[in-house]
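So that you can see what the record holds, here are the features copied from TrEMBL:
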type: DOMAIN; residues: 1-358; note: domain 'FMN hydroxy acid dehydrogenase'
type: BINDING; residues: Tyr26, Tyr131, Arg166, His253, Arg256; note: glyoxylate binding site
type: BINDING; residues: 79-81, Ser108, Gln129, Thr157, Lys229, Ser251, 284-288, 307-308; note: FMN binding site
type: ACT_SITE; residues: His253; note: active site, proton acceptor
Amino acid sequence: MAAEPVNVNEFEELARQALPKMYYDYYRGGAEDQHTLKENVEAFQRITIRPRVLVDVSRIDLSTTVLGYKISAPIMIAPTAMHKLAHPEGEVATARAAAAHNTIMVLSYMSTCTIEEVASSCNAVQFFQIYMYKRRDITANLVQRAERCGYKAIVLTVDTPRLGRREADIKNKMIAPQLKNFEGLISTEVSSDDGSNLEAFAKDTFDASLSWKDIGWLRSITNLPVLIKGVVTHEDAIKAIEVGVDGIVVSNHGARQLDYAPATISVLEEVVDAVKGKVPVLFDGGIRRGTDVFKALALGAQAVLIGRPAVYGLAAKGEYGVKTVIEMLKNELELAMALSGCPALKDISRNHVRTHHERLHSML
């Protein structure tokens, strides 16, 4: 029997072995040249940690709060689509793993288990991610169902007026299953002769005219806090605050939208500086190690979200795999905090990291 994985990257290899090529390529892939996909991970490797010694680290506290909800560690589950392609239990298994770790899962609108199934599968704080549809009644239906089921926030993805060009999916003629959240609302069985049917579905349903003024409409139809996901610039962070969002997720969609967009860790601080503490800033893109989590927190994120690592855990070992991935990252973060002289998250400061830019600057 193969040795148990000892880190998140080894789960990716197990997922590759477990999944049909079409589905592995779908989860793993990025847009076009996949430059940003590589950069999301590699940009972390250019940030160094400045450890402080002779601090009492006999007790380490990883807990924090997001929108007032206490979580055991600053590691949440990012919204990713169609978990039943990875494992027959789908999003229900992922949700139970998040609940076991007392953390928050953001359910994707493109889930293969329904909003209702995931809500009733476990007792946990969950957020729900949506897009804005050409037919606003579809958006309203999903939001109101999520609110009724006890989801605690809406996360609007704003970087997808059109779907990015994911060439592996086009080559593989990636077919999305019928999505249960849309039953009775819209058909997701779009035929497309030249490539991925996901692309055809997005073109038919996503609203490319979405603009800042539409955030007000979304806030008007729900009592839940609204976060926007997909902000990577100072300018958009300022606009987001102006229109009254309740939180920002710094994200480039796992490098699946605009290739040559910056690695998210390289722009996190720019967004944090613009927000000035008015709302929580969450982070996703490229987290593979506890040290990555530490670096994101040092640069101002309140918590990080993991996308592909959770899916790889799910594909390899179901609910247990997702639990193990979260556990690995928590354990690595705890160790990084101890070795850096940070007994609690509030002790992780900007002085604990040096960015690539700062190191270059100091050499001049």
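We number each residue from 1, going along the chain as drawn.
Glycine too: its Cβ is placed from the backbone N, Cα and C atoms.
Put simply, the two farthest-apart Cα atoms among Tyr26, Tyr131, Arg166, His253, Arg256, the recorded binders of glyoxylate, are 19 Å from each other.
For Tyr131 (glyoxylate binding site) paired with Lys229 (FMN binding site), the C-alpha to C-alpha distance reads 10 Å.
Rounded to a whole value, the Cα-Cα separation of Tyr26 (glyoxylate binding site) and Lys229 (FMN binding site) is 21 Å.
When the binding-site residues Arg166, His253, Arg256 are compared by Cα distance to Asp284 (FMN binding site), the shortest distance belongs to His253. Considering only the binding-site residues Arg166, His253, Arg256, the residue whose Cα is spatially closest to the Cα of Pro79 (FMN binding site) is His253. Cβ neighbours within 10 Å of Pro79 (FMN binding site), excluding its own Cβ and spanning all shown chains: 24.
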